[in-house]
Amino acid sequence: MLTAHHLDVARRHHAILRNLSLSIEPGRVTALLGRNGAGKSTLLKTFAGELTGGVAPNGVRVTGDITLNGEPLARIDAPRLACLRAVLPQAAQPAFPFSVDEIVLLGRYPHARRSGATSHRDRDIAWCALERAGADALVGRDVTTLSGGELARVQFARVLAQLWPDDEAIESGPRYLLLDEPTAALDLSHQHRLLETVRAVAREWQLGVLAIVHDPNLAARHADTIAMLADGTIVAHGSPRDVMTPAHIAQCYGFAVKMVETGDGAPPVMVPA
């Protein structure tokens, strides 16, 4: 399990996260919801090990405990951490004309037998990851020529390749996938396809997934658990049906909604009141 316990994060004198506790369970998808600036990306970066205890040069101070499979996250060295968790950050336009294949193969570098060397097995995994991400038609393309949605699918394939299961991965214990707005650049169809894939690999590979999602309806449709972040802490946490209520939405977003049942057994859909 990937766990934050009594986490506080502040930048100089501004508190971002306050006494926050949250666990990401293997085999389940947790969607993180909250307003812009609520601290969602900060929480994800802390889970990723990008923000560690003490005071960083940029003035960010982190206190509290983060553990991965019971081990303090700060004690896990970078090579081993890269085999235990993968991070998909918010989309950024690439500066160099790498090929799609090269970008996805980056996900295999933590597993290379020697520095910078990838094997036929790694290339096979990269191809399978592209297929799983619905990006196999983009093989050979220059990533600087891709649309935002195409690039998002390629980067998703990269993190799938990084966590692709093998005997060593199984022996290392549960692994984790951290996604920062993975659907932001995607059209409606690809949003649902990506999150369907996320939920499928979470179950098949026993991945713990934390995904920042801006659309509460999308999160409710595809997540096992929803965590709502407001005022620097988790204000609601549980199943989509339990968490997606007008009261919780108002507390999290300051916006009045009503819930409409879809009739297909899925959680209700949120619409403006």
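Numbers run from 1 along the shown chain.
Using N, Cα and C of the backbone, Cβ positions are placed for all residues, glycine too.
Noted in Swiss-Prot for the protein shown:
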{"type": "DOMAIN", "residues": "2-256", "note": "domain 'ABC transporter'"}
{"type": "BINDING", "residues": "GLY34, ARG35, ASN36, GLY37, ALA38, GLY39, LYS40, SER41", "note": "ATP binding site"}
- Message: Neighbour count first, Cβ atoms within 10 Å, every protein chain included; then name which of ASN36, SER41 tops the list of binding-site residues.
- Response: SER41
- For the ATP site given as GLY34, ARG35, ASN36, GLY37, ALA38, GLY39, LYS40, SER41, which other residues of the same chain have their Cβ within 8 Å of the site's Cβ centre? LEU229
- Query: For LYS40 (ATP binding site), which DSSP three-state class applies?
  - Reply: helix
- In sequence order, which residues at least six apart in the same chain have a CB under 8 Å from the CB of ARG35 (ATP binding site)? ALA230, CYS252, TYR253, GLY254
- Task: Quick one: give me the count of other CB atoms within 10 A of the CB of LYS40 (ATP binding site).
- Result: 22
- Message: If you count, for each of the binding-site residues GLY34, GLY37, GLY39, the other Cβ atoms lying within 10 Å of its Cβ, which residue has the minimum?
- Response: GLY37
- Message: Through the lens of DSSP with three states only, how would you label GLY34 (ATP binding site)?
- Response: strand
